[in-house]
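K.L.:
After the structure tokens below, expect a handful of questions from me.
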Amino acid sequence: MGCLLFLLLWALLQAWGSAEVPQRLFPLRCLQISSFANSSWTRTDGLAWLGELQTHSWSNDSDTVRSLKPWSQGTFSDQQWETLQHIFRVYRSSFTRDVKEFAKMLRLSYPLELQVSAGCEVHPGNASNNFFHVAFQGKDILSFQGTSWEPTQEAPLWVNLAIQVLNQDKWTRETVQWLLNGTCPQFVSGLLESGKSELKKQVKPKAWLSRGPSPGPGRLLLVCHVSGFYPKPVWVKWMRGEQEQQGTQPGDILPNADETWYLRATLDVVAGEAAGLSCRVKHSSLEGQDIVLYWGGSYTSMGLIALAVLACLLFLLIVGFTSRFKRQTSYQGVL
């Protein structure tokens, strides 16, 4: 009986432990794409994400940042939000002017493409970190570090001259510091509070198997599709029993139109060795009840297996106690 109790306790601990979901962080990432066809034609568009959710967009044809979620303003007042948008309008105008001046000064050839990635991440305890990176023609050239601009190791030589000019602009450097160190963490904290119900949502994946194009004579390409899950982190592997198949090739995690995600994982095998293979899916929404699909059509859930084991153990425990109680009653009758 002691062994049976131990097994029951161990199984319960395993079930509870597997349901734990690690704490997620939600960085705010703002992406700016600026195109300069020549000195007179330019276009700048922007997007922003909080974690995996797109929250804002900014079209070149508009002076207003578009909110894509009901909670995209966070806890900012209307006045704070308008002030922030005014700063962005001034920034966009200044950025366009400065790039044209640098192109002339450094004799850069049009067309020019620049990308800016900036934002911050708030950690428990109100600690935060931030970033501001600039790329030219698709390659990182500089970033804002602490109180000044610094070149990347791969930056062309002319970037050093541009940085000398940028670092002389004290007002701009102080504004960037204020936005990254103060405004951004405050804004993100408000977004996390206002959008917490959507940010913490869990959507269970759906999974199915199919056969891909034949990789060669006598071989099969097994495909495991996983779709409709949120949040993005997911674990998908082809298995033989409990042994992971090292040949598993996961694809990119792609977005669905409903803000969930899709992934497929393939395995190239000899046709005669496909029997006994399965695809296992782990995701936080499943709470430890992994999806397992067997090649050939059968389906099971590791959670259901665990529940079945617990039910059997509980049944045996009840039977054991009942039997022991009857024996004790019988002994008392004899005495």
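We number each residue from 1, going along the chain as drawn.
Including glycine, each Cβ sits where the backbone N, Cα and C put it.
For ASP98, ASP169, LYS170, TRP171, THR172, the entry in Swiss-Prot reads D-galactosylceramide binding site. Residues or ranges marked as disulfide bond in Swiss-Prot: CYS120-CYS184, CYS224-CYS279. Annotation comment: Swiss-Prot describes 185-292 as domain 'Ig-like'. According to Swiss-Prot, the signal peptide annotation covers 1-19, on the basis of sequence analysis. What Swiss-Prot lists as topological domain 'Extracellular' is 20-301, and the listing cites sequence analysis. Here Swiss-Prot flags 302-322 as transmembrane segment, drawing on sequence analysis.
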K.L.:
How big is the Cα-to-Cα gap, in Å, between CYS184 (disulfide bond) and LYS170 (D-galactosylceramide binding site)?
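P.N.:
About 20 Å separates the two Cα atoms.
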K.L.:
May I ask which of the binding-site residues ASP98, ASP169, LYS170, TRP171, THR172 is closest to CYS120 (disulfide bond) if we compare their C-alpha atoms?
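P.N.:
In terms of Cα distance, CYS120 (disulfide bond) lies closest to THR172.
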K.L.:
Within 10 Å of the Cβ of CYS224 (disulfide bond), how many other Cβ atoms can be counted across all chains shown?
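P.N.:
Cβ-Cβ neighbours of CYS224 (disulfide bond) within 10 Å number 26.
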K.L.:
For ASP169 (D-galactosylceramide binding site), which DSSP three-state class applies?
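P.N.:
Looking at the DSSP assignment, ASP169 (D-galactosylceramide binding site) belongs to neither helix nor strand, so coil.
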K.L.:
Listed D-galactosylceramide-binding residues ASP98, ASP169, LYS170, TRP171, THR172 - what's their greatest C-alpha to C-alpha distance in Å?
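P.N.:
So the binding residues stretch over 15 Å, Cα to Cα.
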K.L.:
Taking the Cβ of THR172 (D-galactosylceramide binding site) as the reference point, list residues of the same chain whose Cβ is under 8 angstroms away and which are at least six residues distant in sequence.
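P.N.:
For THR172 (D-galactosylceramide binding site), the qualifying residues are SER94, LEU166.
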K.L.:
Relative to the Cα of CYS224 (disulfide bond), which of the binding-site residues ASP98, ASP169, LYS170, TRP171 has the closest Cα?
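P.N.:
Given the candidates ASP98, ASP169, LYS170, TRP171, the nearest one is ASP98.
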K.L.:
According to DSSP, does CYS184 (disulfide bond) fall in a helix, a strand, or coil?
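P.N.:
In the DSSP reduction, CYS184 (disulfide bond) maps to helix.
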K.L.:
Which are the residues of the chain, ASP98, ASP169, LYS170, TRP171, THR172 excluded, whose CB is within 8 A of where the CB atoms of the D-galactosylceramide site average out, their centroid?
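P.N.:
Close Cβ neighbours, site residues excluded: LEU166, GLN168, ARG173, THR175.
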K.L.:
Just the number: how many Å between the Cα atoms of TRP171 (D-galactosylceramide binding site) and CYS279 (disulfide bond)?
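P.N.:
Rounded to the nearest whole number, the Cα-Cα distance is 57 Å.
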K.L.:
Measure from the CA atom of ASP98 (D-galactosylceramide binding site) to the CA atom of CYS279 (disulfide bond) and give the result in Å, rounded to a whole number.
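P.N.:
Here the two Cα atoms are 54 Å apart.
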